[in-house]
Each structure stands twice: as C-alpha cells, then as structure tokens.
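**Q** When I checked Swiss-Prot for this same protein, it listed these features:
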type	residues	note
TOPO_DOM	1-416	topological domain 'Extracellular'
REPEAT	138-159	repeat 'LRR 1'
REPEAT	210-231	repeat 'LRR 4'
REPEAT	258-279	repeat 'LRR 6'
REPEAT	306-327	repeat 'LRR 8'
REPEAT	330-351	repeat 'LRR 9'
TOPO_DOM	438-455	topological domain 'Cytoplasmic'
TOPO_DOM	477-495	topological domain 'Extracellular'
TOPO_DOM	519-537	topological domain 'Cytoplasmic'
TOPO_DOM	559-592	topological domain 'Extracellular'
TOPO_DOM	614-639	topological domain 'Cytoplasmic'
TOPO_DOM	661-670	topological domain 'Extracellular'
TOPO_DOM	692-754	topological domain 'Cytoplasmic'
Amino acid sequence: MIVFLVFKHLFSLRLITMFFLLHFIVLINVKDFALTQGSMITPSCQKGYFPCGNLTKCLPRAFHCDGKDDCGNGADEENCGDTSGWATIFGTVHGNANSVALTQECFLKQYPQCCDCKETELECVNGDLKSVPMISNNVTLLSLKKNKIHSLPDKVFIKYTKLKKIFLQHNCIRHISRKAFFGLCNLQILYLNHNCITTLRPGIFKDLHQLTWLILDDNPITRISQRLFTGLNSLFFLSMVNNYLEALPKQMCAQMPQLNWVDLEGNRIKYLTNSTFLSCDSLTVLFLPRNQIGFVPEKTFSSLKNLGELDLSSNTITELSPHLFKDLKLLQKLNLSSNPLMYLHKNQFESLKQLQSLDLERIEIPNINTRMFQPMKNLSHIYFKNFRYCSYAPHVRICMPLTDGISSFEDLLANNILRIFVWVIAFITCFGNLFVIGMRSFIKAENTTHAMSIKILCCADCLMGVYLFFVGIFDIKYRGQYQKYALLWMESVQCRLMGFLAMLSTEVSVLLLTYLTLEKFLVIVFPFSNIRPGKRQTSVILICIWMAGFLIAVIPFWNKDYFGNFYGKNGVCFPLYYDQTEDIGSKGYSLGIFLGVNLLAFLIIVFSYITMFCSIQKTALQTTEVRNCFGREVAVANRFFFIVFSDAICWIPVFVVKILSLFRVEIPDTMTSWIVIFFLPVNSALNPILYTLTTNFFKDKLKQLLHKHQRKSIFKIKKKSLSTSIVWIEDSSSLKLGVLNKITLGDSIMKPVS
C-alpha cells in the first residue's frame, strides 16, 4: 500500500512537472512568435510612399508595380495583382474539380458507343443523344453536353444513385419534370447552363441533399420562388448568370443555410428588400452586376456578417444609404463601378476596416475628399474614373487609372513627345508674337488702327506661350514625384492663375480674330460703305474685347460652390472638360464658352472668308487683266485657306470632343493632352505668320528696309574709299584735289538720275 502511494505521488509530481514544462515551452514559443511579429513591422513611410518589404526604404506609389525592381529586393513588384475577395479561391476550386488523374480502364459495363469512359466517369459530348441513355448504375460522373436532349422526364436518373456530377450544358432543355432528379441523394455538382429553361417548379431539387454546386447560367428563367430550393441543405455555390430574373424570393437563403456564394450577374433584377438576404448568414460572395437595381435599402446587407466580396457594378443605383455597409466588417472587395451615382457620403466606407479593393470606376464623386478613404487602412487597390481622384487616396498602394492622358504618377506631362512639344510651341509662340510686335512698332503702316489690332492680337497670343512655358517649368519641378504634390498643385493659386492666363489668351484671341475678320469683310464685300471704325472706335472695341475675355476667365473664381475647382481638373490647369465628372456650373459654363462663344466665332470667320473669296472672284471676272487676276486669286485663295485651316485645326477637335461628351461617348484620355498642348496653341503660333509675316504690306516694307540698309552700306563703303582718295591727293597736289572734288560731286548728283 505504501509503495502504491509513493508511486502515485511520484506520478502526480511528474504530471505537474510536465504541465509546467509544457507551459514554459508554450510561453517561449509565444514570446518567439511575438518577437518575430515585432521584427516584421514595416517601416512608417510618409504620405504617398510605401515600404520595400522589411527594409527601411520607402518608395513613391509610382515606383511600385511598374515592372522595375526599384527596392533592390523585389518587394515593390510583389502583390501587384488584385487577388482580394474570393475570385482566386473559386478559380482554384473550380480548376481542380476534375484534376484527379484517371486510368483509361472503364468500369462501366453498359454505355453508348459514342461515349468515352474512364473508370466510372462517362462523357457523351456531341453524341446527338435525344434522351438520357441507358448506362451501368455504378456511374459517378455523367456528361451529356452538346446533345439534343429537350426534356428530362420523371425519375430519369433513378437508377444512378451513385452519381456525383451531372453536366447537361448546351442541350436546349425546355422542360424538367418535378421528379427528374429523384433519388440522386449523392449528387454534388449539377450543370444546367446554356439551355432553354423558362421555369423551374418548386421542389424540383428536394432530393439533392448533398448538392454543393448548382449552375443555371444562360437560361431564360423569369421567376424563382423560395420553395424552389427546398432540399438544398448543403448548397455552397449558386450561379444564375444571364437569366431573366426581375425579382428575388422574399428570403433567398431560407432553404439553403450553407449557401456561401451567389452569382446573379446579368439579370433584370430591379429592387432588393431588407429581407432578401436575411437568412444568408454563411454568404461570403455576392455578385449582382449588370442588373437594373435602382435603390438598395439601408438594411439589405445587415445580416451578411461574413460577406467577403460584394459586386453591385453596372446597375442604375443613383444613391447609397450612408450606413448601407455598416455591418460588413469582414468585406474585402467592393465593386460599385458604372453606376449613375452622383454623391458619396463622407462616412460611406467608415465601417469597412478590412476592405482591400474598392472599385469606383465611371462614377462621379463631386464631394471627394481624403477623409472619405482614410478609415480603410488595409486598402491596397482602388479604381477611379479620373486620375486626379488618386490624389485623395495617397495611402493606397495601387490606384487606377495610371494617367489622365496628360499626367502620370511620376510626371506632370506623362508623354516625352509632349514634354518636347510644350517647349517648342512655347518658344515659337512667344518669339513669333514678340517679333511681330517689334516689327509692327518699327514699321510705320498706313492703316494704323489695323496695325494696332494686330499688335494687340500678338499680345494675347503671347500669353499662351507664357502659359506653355509655365507648364514646362512645373513639369520639370515635379519630375519623378508628381503624384506626391498633385492634389496640392491642382488646388494651388499658381495652377488657377495659369488656367486663367490660358483662358484669357484663348478668348481674347478668338474675339480679336472675329473682329479683324469682320473688319476685313466690310472692306472687301462692301467697299463703298462708310462703315469704317476710326482710331478711337477701334481703341474702344479692343478695350471691350479684353474686358470680355477677362470676365470670361475670371467668372469661375467668383463662386467656388457653383463652379468647383474650374481650373484644377487636370495637371495642366486648362478647363477643357469632356466627361460627366464636372460640376453642374462648370459643365454649363464650359459648354457655353466652347460650344457657344467659340463655335459661333469660328462659324462667323469661316462664313466671312468664304463670302470674301466669292466677292474677290466676282470682281476679278469683271476686269480685263485675266492672267494677273488669276494669279492674285490663287494667292488670295491660298491665304484665306490657311487662315481658316489654322482655325479649324485649333477648334474642330475641341468642338468634336465637347459634342461627343454631350452624348456620353467615352473619349480617350490621351486626346486631352494633344488638344491642350498641340492643337489649341496652333492659332497663337501661326497668327503672327498669317496676319503679318505673309502679308504683301509686310513683305514690301521688309524689302524697302533691306534695300535701304544695302544703300547705306554701299554709301559707307564709297565714303570710306573717297576719304582715302582725298588723303592721297593732299599728299600729291592741291590741284588734283579740286578736280576730284568736282568729279565726286558730279557723280553724286548723277546717281539719283541713273
């Protein structure tokens, strides 16, 4: 007895020792794990920068996922794909569904000759079968794809109780009896997609207790009831893509407690209710894109505590409740793209702490701000309609789009060609206009009022060159780190002043060209009229044009709530809008300027020059010097053509883009950059050539100046040679000097006569 007690005591002591030893080991392991976790803490980076894995180095967003190893350890090129949500898991499961290697041996004794058999799996694809064939009852997989089976009668599979998978795609099945799947208690996967099914009777799946996958895609099914899914206690995945459903059952998951994945893409569902997903506690993936859902009640998703991915894209949702996503604490991926949403609440995504991917493509967000996206600390991918929106989510590693056609994450001007052109056109514009101003000031013109108008036009065009120079300068300033300063830049005073300068130059130039055209029109078409503005009237008109241009450019500054950031919609600060993302005020104003004032001015210029050419041609036919008149006609036609052509190059692209935007046609982003940098300044660069350098008056005056300069040079040379002769004669004889003076005097008198 004593021995037993001693043994029992020792055994208890050993158990206690082992318990403490195990506890100590666990503590060590936990400590080690904590240390490991602590050592993996990523370095804190400033806004817009992201860490290089476990290195202390941080890089701007532009250097991540750009195809180059900028970190040195490849961390900046890792995790670039948007793998959040459950799409990857589904692909893996779906892809490996039939991955088990089968032997070529067939274990079925009876099956049609047109079928292929491997072990207990039978494939009868494209066999022209009109009904389910007679086969051995030990079959586990039956594929009857692409046959001519149009109906499934009662108990058609009653003998095949071991069936686990049935594939009935592409048969144009129209009718399925209520007891067609009777007895299939082991069936796990059922494919009925790409058929002609219009209705499914309640209870049709009541014996399919083990069914996990049900695929009903591409069938013209118009209605489903809650009782349709009776018996589907194990259903995991339900797909009804591209059906004709207009409504969902009152409680979608009442008969499917294990339902994990629902795909209802491409139906005609018009509404959801608070009870639609009330019993869908296990749901992790919900796809509802390409439907006609106009409104989602606030508590629609309140019971979906485990939801990991939600897709509501391409619907007609115009407004979201501020607390719609409040209960989706585990949501990883949310797609709201291609909805006509006009407003997002500032706390719309406040509860989505685990969200990793947010898709807001083709959505206008007029009230966008950085606070809207700050709560989503785990957000790694975000998709916007506008590139400039990326500035409001600097903490997100991957932001799309990468450019707006003008700027990129790295540079204000994303295209190397644009960088070169902006300097070339700026130089040509400034130099050409300053040269004309100088020459016009130096050369005295008979028509001083016209010369004054041309000089004022050159001043306006020169402002466009100054604007382009500033674009080039700020491009250099922000080279390689533009996205870091993009938001500050577009909201800065400098950007707004640049936009104001460009708009002032553009509108004053347009109004001046219209005035000069009308002035010329009156002279040529009505040569005997007395409608001729004098110097004072011309000065008043020019002052009014500058005041009108100034007002057009400055009005957007008066009411920011109405116009928004009118000049800060893109990196080059020019208000050339072409999409639906602008404020109502700025949209109406820009349309009024570009399709109102500028289009009207362009049409007046084109009409005037056509009328002038016809008038000149008519006058020429009445003269006798046909040959000379023909030459003059060609010259005038060429000149008028290039004037109209330069206006067309400048403004037609703008008009086309604005008109297309009215019809909601998507315009390529790159088009904006070419219009702003290349097409729009064409007039400013060519006006000096067209209105001064190629005119006959300027050519004649230039020839006179050159001739006068040549005469002065010749006179200086002769005078120099004369002085040499006089010095030599003085050394020789005073008599010769007098004779030479007479000869020289005679030469000088005779020269003008000759």
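Every residue, even glycine, has its Cβ placed from backbone N, Cα and C.
If you look at the structure here, what lies around each of the features I listed?
**A** Among residues of the same chain six or more beyond the repeat 'LRR 1' (138-159), those with a C-beta under 8 A of the stretch's C-beta atoms are 107-108, 111, 120-132, 165-184, 196.
Same-chain residues lying 6+ beyond the ends of the repeat 'LRR 4' (210-231) with a Cβ under 8 Å from its Cβ atoms: 185-204, 237-252, 254-256.
Within the chain, the repeat 'LRR 6' (258-279) has long-range Cβ neighbours (under 8 A, six or more residues past its boundaries) at 86, 90, 233-252, 285-304, 311.
Below 8 angstroms of C-beta separation, residues 84-87, 265, 281-298, 300, 333-345, 347-349, 351-352, 359 of the same chain, each at least six residues beyond the ends of the repeat 'LRR 8' (306-327), sit close to that stretch.
Per-residue pLDDT, averaged across the repeat 'LRR 9' (330-351), gives 92.
Residues of the topological domain 'Extracellular' (477-495) grouped by DSSP class, helix first, strand second and coil last, total 13 helix, 0 strand, 6 coil.
With helix defined as DSSP H, G or I and strand as E or B, the topological domain 'Cytoplasmic' (519-537) counts 10 helix, 0 strand, 9 coil.
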**Q** Please indicate, using numbers and ranges, the residues of the same chain that are 6 or more beyond the topological domain 'Cytoplasmic' (519-537) and have a C-beta under 8 Å from a C-beta there.
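**A** Answer is 448-450, 452-453, 608, 611-612, 615-616.
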**Q** Where else in the chain does the topological domain 'Extracellular' (477-495) make close Cβ contacts, counting only residues six or more beyond its ends and a cut-off under 8 Å?
**A** 47-49, 60-62, 388, 390-392, 394, 407-412, 470, 565, 567-571, 573
**Q** Tally of helix, strand and coil residues over the repeat 'LRR 8' (306-327) according to DSSP?
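**A** Helix/strand/coil tally for the repeat 'LRR 8' (306-327): 0 helix, 3 strand, 19 coil.
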**Q** Take the topological domain 'Cytoplasmic' (438-455) and find every residue of the same chain, 6 or more past its ends, with a Cβ under 8 Å from one of its Cβ atoms.
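**A** Non-local partners: 512, 515-516, 519, 533-535, 538-539, 542, 691-692, 697-698, 701, 705.
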**Q** Could you break down the residues of the topological domain 'Cytoplasmic' (438-455) into DSSP helix, strand and coil, giving a count for each?
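**A** Counts, helix then strand then coil: 13 helix, 0 strand, 5 coil.
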